[in-house]
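Pulled from TrEMBL, these are the features on record:
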TRANSMEM  7-26  transmembrane segment
DOMAIN    7-395  domain 'Major facilitator superfamily (MFS) profile'
TRANSMEM  46-67  transmembrane segment
TRANSMEM  74-90  transmembrane segment
TRANSMEM  96-119  transmembrane segment
TRANSMEM  131-149  transmembrane segment
TRANSMEM  161-180  transmembrane segment
TRANSMEM  212-237  transmembrane segment
TRANSMEM  249-266  transmembrane segment
TRANSMEM  278-299  transmembrane segment
TRANSMEM  305-324  transmembrane segment
TRANSMEM  345-362  transmembrane segment
TRANSMEM  368-385  transmembrane segment
Amino acid sequence: MLIRRYQLLIVIAASILTLIATDILLPSLPQIADTFAVSSHKVKMLLSIFMAGELSTVLIWGVIADLLGRRQTLFLGMLIFCIGSIMSLYADSINLLLVCRFLQGAGSVVVPVAGWALIQDLYPKDEGARMMSFVGTLVAVLPLFAPAIGGKIDVLYGWHMNLYGIAFYAAILCLAMLLLPQTLSMKNTRVSIPDLNKRLRIYGTILKNKTFISYIALFGLLNCGQWCFLTVAPFYYAHAHISPDKMGLLLMITSMGFLLGAMTASRLFKKFGVDNTMALGILIALVSSLLLLASSYNGRSNQPIFSALVISLYVFSSALLWGASTSRALQCFDDFRGSASAVRSLILIGFSALGTFAGKLLHHESLFATGIILFALALTALWVFNTKGLRAERMTAEVAY
């Protein structure tokens with residue numbers, strides 16, 4: 001029992017590390033740009049390149065997990081993450097730092113692929129569901145403090161110290177993971193070519209399901225807007241002469257919206273139903289993006305706390321769609337929900353990467369352009385929600401929560 005809890009702790013620690021690896025650097029992006037004497041557009045790529053690494057390997061890790069087992073796959077992914085983290089300590093140019101971030105992203109995505117499956121191995125059946133709910137709450141809450149911690153460390157010791165912290169954390173985890181037991185018998189690790197072909201056909205079937213894609217897109221569109229803002233925000237706040245530590249607090253306020261939304265969603269499901277809750281989330285996203293547009297137009301968004309609260313409301317709305325849209329999407333496939341979950345991760349990472357790319361192109365003197373993009377994304381989510389396919393889906397029986 002003690003060993004099992006220790007193994008669970010390692011998976012939780014790995015999940016938290018891969019989530020804070022980006023958020024802890026957000027307040028330091030302007031300082032990184034100054035250090036390497038590069039433009040804000042170039043340094044914003046530190047966010048998008050991390051997601052590009054995730055995007056390029058998320059499905060590959062699923063195959064590797066079947067070949068090697070959860071422990072070896074988890075260790076291999078975190079080893080790649082650790083190598084990228086250690087290399088970042090010696091990066092003397094922005095281009096080398098970008099390579100390091102790509103490696104970190106490529107390794108970090110192993111956690112949702114193999115780590116969560118390992119929890120199910122350690123805690124089978126209903127016990128696993130309860131444990132995943134507990135772990136999910138921890139993983140959602142703890143990274144919220146990453147921007148504030150990263151900003152404070154930047155002010156006290158410089159932004160490089162955050163890189164040292166990430167590298168040290170990753171190295172300790174790699175050592176600890178050597179103690180994890182194998183969960184897949186080696187005699188079952190061979191995957192034949194027909195099996196791989198079958199897997200590819202399953203992925204093709206999933207991607208052709210319009211209802212599945214539509215439900216994933218509902219949250220993905222709003223999450224795209226969130227990452228667009230997070231890419232612009234550090235430079236917008238720096239332009240307003242906000243110090244990194246205060247910037248971290250503002251970004252933490254923004255992220256708190258997701259936690260509050262996730263906590264509120266279950267109550268709203270019971271009171272109003274899943275579909276009405278999703279509709280409410282989209283409505284809140286539209287209203288909050290319009291508030292950002294209006295405040296940017298009349299200069300009100302020059303007050304950093306106001307813009308942080310408005311975006312927090314937008315993030316709150318995305319949280320209302322997160323669980324409901326995921327559940328509805330995975331219900332499209334009874335026989336291969338694991339593969340559907342992997343495709344879901346791939347699509348959501350793609351939306352996040354698109355958001356960081358859009359933020360890279362925007363000017364940071366004002367949030368008006370950001371507001372336009374957020375409003376357009378919320379409007380698109382409303383259109384997707386009211387497409388013929390999802391309207392027909394909502395006419396079926398309400399899912400029990």
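Every residue, even glycine, has its Cβ placed from backbone N, Cα and C.
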Counting Cβ pairs closer than 8 Å, which of 46-67, 96-119, 161-180 has the most of them with the transmembrane segment (74-90)?
96-119
For the transmembrane segment (96-119), distant same-chain residues with Cβ under 8 A (at least six beyond the ends):
7-8, 11, 14-15, 17-18, 21, 32, 36, 45-46, 49-58, 61-62, 65, 70-71, 73-74, 76-85, 87-88, 90, 128, 131-132, 135, 180, 183, 342, 345, 349
Let me know the model's mean pLDDT on the domain 'Major facilitator superfamily (MFS) profile' (7-395).
85
Residues from the same chain, set at least six apart from the ends of the transmembrane segment (161-180), whose C-beta lies under 8 A from its own:
6-7, 10, 13-14, 17, 20-21, 24-25, 28, 70-71, 74-75, 78-79, 81-82, 85-86, 88-89, 118, 150, 153-154
Can you work out which residues elsewhere in the same chain, 6+ from the ends of the transmembrane segment (212-237), have a Cβ less than 8 Å from its Cβ atoms?
26-30, 33, 40, 44, 47-48, 206, 246-247, 250-251, 254, 278, 281-282, 285, 289, 304, 307, 311, 314-315, 317-318, 321-322, 325-326, 328-329, 332-333, 340, 343-344, 347-348, 350-356, 358-360, 362, 364-367, 370, 373-374, 377-378, 380-381, 384-385, 387, 389-390
